Amino acid sequence: MDASAAAAAEIAANGVLAKLEEEREAQKRYWEEHSRDLTVEAMMLDSRAADLDKEERPEILSLLPSYEGKSVLELGAGIGRFTGELAKTAGHVLAMDFIESVIKKNESINGHYKNASFMCADVTSPDLVIEDNSIDLIFSNWLLMYLSDAEVEKLVERMVKWLKVGGHIFFRESCFHQSGDSKRKVNPTHYREPRFYTKVFKEGHAIDQSGNSSELSLLTCKCVGAYVKNKKNQNQICWLWQKVNSTEDRDFQRFLDNVQYKISGILCYERVFGQGFVSTGGIETTKEFVDLLDLKPGQKVLDVGCGIGGGDFYMAENYDVHVVGIDLSINMVSFALEHAIGRKCAVEFEVADCTTKTYPDNTFDVIYSRDTILHIQDKPALFRSFFKWLKPGGKVLISDYCRSPGKPSEEFAAYIKQRGYDLHNVETYGQMLQNAGFHDVVAEDRTDQFLKVLQRELAEVEKNKDEFLADFGQEDYDDIVTGWNAKLQRSSAGEQRWGLFIGTK
């Protein structure tokens with residue numbers, strides 16, 4: 001490197017360092033100002049903090065994996081809202097915060113726990129030393145939003161190393177916009193899109209001394225329900241990750257996010273189905289099917305395979321119900337959360353696998369699922385779960401891809417295999433719901449309606465070809481036209497069917 005290039009590199013490096021120092025100083029000033037009153041209200045920056053805390057703290061703790069007897073590192077521990085709770089069952093808790101008065105207050109409240117220790121330290125400091133592979137759970141609540149993008153990326157690299165294989169990282173952040181009502185002269189907080197955090201943590205990995213590679217696997221990402229319930233606010237989002245060996249299989253979620261429901265694909269589907277929708281007929285079929293549910297204000301609805309949230313917003317806004325939307329695709333839920341901004345409706349979203357997720361018995365009034373269960377191999381087990389989760393008198397409504405009785409053609413069999421679908425004929429599908437315990441089961445073949453919807457959607461895409469090409473390109477246009485024509489052909493031939501199913505508990 002010549003002298004001028006070396007000098008330029010040094011200037012650039014100094015500029016980066018100066019920017020990082022400026023960031024740390026701004027954050028420190030901000031928290032020194034907001035830590036004068038060492039109260040829950042000051043820490044949560046909200047006048048309703050005491051009431052919110054009663055619901056929010058148990059909810060956050062309920063999302064954590066078992067940490068009984070384990071080592072817990074709490075970053076940005078504050079005055080200890082969570083420190084004492086963690087110390088009750090953990091083997092050891094190290095609580096850390098970069099404001100000395102705050103961590104001292106935490107110690108004065110929680111110092112009687114002999115398994116807790118307290119440290120005043122900045123998580124971004126290179127002087128902070130934590131042994132690799134020594135921690136079972138890293139916990140933070142409102143920390144990363146006070147770090148720059150570069151600081152978040154660096155911290156993730158370090159956290160993956162600190163964590164044991166099989167250990168977990170849980171964090172919760174304010175995304176998109178401010179939540180608390182405290183007045184702030186200056187606000188250096190970074191209100192990011194959730195997908196920033198998802199991307200940075202997905203890219204986090206470590207290689208140990210033996211050359212074994214490990215990475216982070218997303219277990220869940222969801223809104224904090226207490227904020228949805230009390231503030232109609234979906235911007236409080238938490239994530240739970242697990243450190244796994246890089247060879248461990250997570251193929252289905254990867255298939256959904258990298259193949260079938262990659263970001264460009266979702267935007268294409270939304271263009272075809274209408275804003276907020278990625279399933280057959282968009283708002284039109286949603287209105288028709290939701291009307292069959294006789295929803296009442298205050299009821300609770302579970303949407304399995306919620307996609308990007310259009311049906312959930314429709315139900316919440318038009319029927320005043322509380323909707324929980326779950327989807328295995330991280331990309332889908334990211335879009336749903338973005339669509340929720342400013343809507344002020346009671347809808348919460350979560351990245352979750354409906355085959356492993358559990359809810360208490362008798363939780364929901366309605367379980368709703370649109371063109372999703374075709375991905376599920378063990379439908380009888382899922383329907384038994386639906387039956388348990390529903391309140392007595394509750395309803396399930398499902399639309400789904402089906403097939404005609406008999407052996408499928410080679411082409412249709414190849415399509416089913418490529419997509420990983422599990423398809424049944426309409427009658428068998430209805431029988432599975434009956435076998436799970438549902439009464440008054442309606443199992444309707446709606447293939448004629450499916451064909452009309454497909455024809456209308458295809459005609460609309462072809463009519464607006466120039467706009468579509470400008471926004472997406474020829475390859476995406478060809479994929480949609482080819483895909484819709486193939487569905488029309490399979491359905492016209494009677495092989496692919498579309499079913500509507502309703503059952504009552």
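Note that the numbers count up from 1, one per residue, in the order the chain is shown.
Every residue gets a Cβ built from N, Cα and C, even glycine.
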For the S-adenosyl-L-homocysteine site, Swiss-Prot lists Gly76, Arg81, Asp97, Asp122, Val123, Asn141, Val278, Ser279, Gly305, Asp327, Asp353, Cys354; sort out which one of Arg158, Arg343, Arg370 goes with them.
Arg370
Measuring C-alpha to C-alpha, could you say which of the binding-site residues Ser174, Tyr269, Tyr415, Arg419, Lys487 are within 10 Å of Arg370 (S-adenosyl-L-homocysteine binding site)?
none
Cα distance, Tyr269 (N-methylethanolamine phosphate binding site) to Val278 (S-adenosyl-L-homocysteine binding site), nearest Å?
6
S-adenosyl-L-homocysteine site span - longest C-alpha distance across Gly76, Arg81, Asp97, Asp122, Val123, Asn141, Val278, Ser279, Gly305, Asp327, Asp353, Cys354, Arg370, in Å:
47
Fewest other CB within 10 angstroms, which one of the binding-site residues Val123, Val278?
Val123
Fewest neighbouring Cβ atoms within 10 Å: which of the binding-site residues Gly76, Gly305, Gly420?
Gly420
At the level of the C-alpha atoms, what whole-angstrom distance separates Gly305 (S-adenosyl-L-homocysteine binding site) and Tyr401 (phosphocholine binding site)?
14
Quick check on the binding-site residues Tyr191, Tyr269, Tyr401: which one has the highest count of other Cβ atoms within 10 Å of its Cβ?
Tyr401
Select the most exposed residue of Asp97, Asp353, where exposure means the fewest other Cβ atoms within 10 Å, treating these as the binding-site residues.
Asp353
